[in-house]
């Protein structure tokens, strides 16, 4: 749209003024000034008048850039079931998967969903334990990472599995305290009802690229999402997905009797030795060359240079799940070797996070 505008401009006295018009204006609409024929303006102490035509052009519409995730997020469902209206499933089996001499019990449990809780690998569900709290209100839900692939342990898409450690500790007053939800779950008998919410979460979803390098760092029950990944990669057949990349699992536990799903992972390694690497860190039984306890970051330090080279690739994805303390230890390792490349690790990690290549779920 064009508009003609007349502007009166007071000019300082001058014998002769040649007035080229060059104007730049920032406004919501772009203003285009067209020069009117005017060689000079004679001024006799009076106000001169300049006529200018101003053409306004509307700004081009802004096109919204849609970010495409590198993760398997198409059609993902979140929060289908809420605490006030949970899905009520039943416990099919509940098995202790740690040895009798392990420091604490961990249980693997399977619940029915009848396909009504459409979760993905890497998501979590909420559990609302039976009973009421000290204020007479229903217990609040607790979130647990799902330990089964999207089609479940039985391959029929009708179950969901969890990996839960029973929480029991002695407080400062010398009283034995039992975690409400973990003990509720570990004590479940087959046939018992369980209230399920969710599914929730997108942080830990698997990468879309079947040729990706997937580095998994887990401690204790933080192994849950990685079991779901690895079942899909190595135990299942899908028409639209076949993993051809490298999966590298680091699992940290206190004792060998605490190694979770060890036999499953060893079978995967036998089945796909070129695609699956497995490293355990058993802190109370193993030490490194310096005599230091073998925590997950200690084990990773043995492969620091190799891991760094993998992290330079744009199709390497790191997933971390488990105890929060592991994150600082891993940062310390990377910081110690990065000066060789002149790269600031903390800044580089931010870049990886932005690219969805560094994914953390710790507690």
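Glycine residues also receive a Cβ, built from the backbone N, Cα and C atoms like all the rest.
When Swiss-Prot records 145, 165, 221, 253, 254, 283, 284, 293, 322, 323 as binding NADP(+), the matching candidate from 85, 356, 361 it lists for that site is 361. Counting in whole angstrom, residue 254 (NADP(+) binding site) lies 20 from residue 182 (FAD binding site) by their C-alpha atoms. The most densely surrounded of the binding-site residues 254, 322, judged by C-beta neighbours within 10 angstroms, is 322.
In the structure as shown, the Cβ atom of residue 165 (FAD binding site) sits within 10 Å of 19 other Cβ atoms.
Cα-Cα distances to residue 165 (FAD binding site) place 221 within 10 Å, out of the binding-site residues 221, 284, 361.
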